[in-house]
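In Swiss-Prot this protein carries:
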BINDING   LEU76, CYS77, HIS78, MET114, GLU115  substrate binding site
ACT_SITE  ASP129  active site
Amino acid sequence: MSNVFTHINADGNAHMVDVTEKAVTEREARAEAFIEMASTTLEMIMSGSHHKGDVFATARIAGIQAAKKTSDLIPLCHPLMLTKVEVELEAQPEHNRVRITSLCKLSGKTGVEMEALTAASVAALTIYDMCKAVQKDMVISQVRLLEKRGGKSGHFKAE
């Protein structure tokens, strides 16, 4: 792990990292998020009886769109040409929650961790938005990077 913030220059100011001289490599990142809710809310989602339609399909599309728009949301992120974005949603009724996982890939000069994290986060936010009329105290939690591959820092896998 590095002990240097790459987005802070010598004067202490935020700046976008120059990746001009970096090698193009295959890069991949996986992230996850959870949204906890009442069992009745989760049952509405799982049964398809939610009045706004297919919550999982909408959240999946929102996550994919969010990954593509990450550089518009996170100020110092580079715009990336993503080659793959996957968002999966898994109802976990034994825990009254939904687990959201995302995968982002590209061949490029900078990593896709922020895109994967943004995809999982926005998918969770979309579930919240679609279900808030039924339940307002849902909790989004444990947004984290699960794994990344490629680039100078190599492979990372969360424990």
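Each residue, glycine too, has its Cβ placed from N, Cα and C.
Between LEU76 (substrate binding site) and ASP129 (active site), the C-alpha separation comes to 27 Å. ASP129 (active site) carries a helical DSSP state (H, G or I).
In the shown protein chains, 13 other C-beta atoms lie within 10 A of the C-beta of LEU76 (substrate binding site). A Cβ within 8 Å of the Cβ centre of LEU76, CYS77, HIS78, MET114, GLU115, the residues given for substrate, is found for these other residues of the same chain: THR70, SER71, ILE74, LEU80, THR110. Of the listed recorded positions, namely GLU115, ASP129, the sparsest Cβ surroundings within 10 Å are found at ASP129.
DSSP gives GLU115 (substrate binding site) a helix state.
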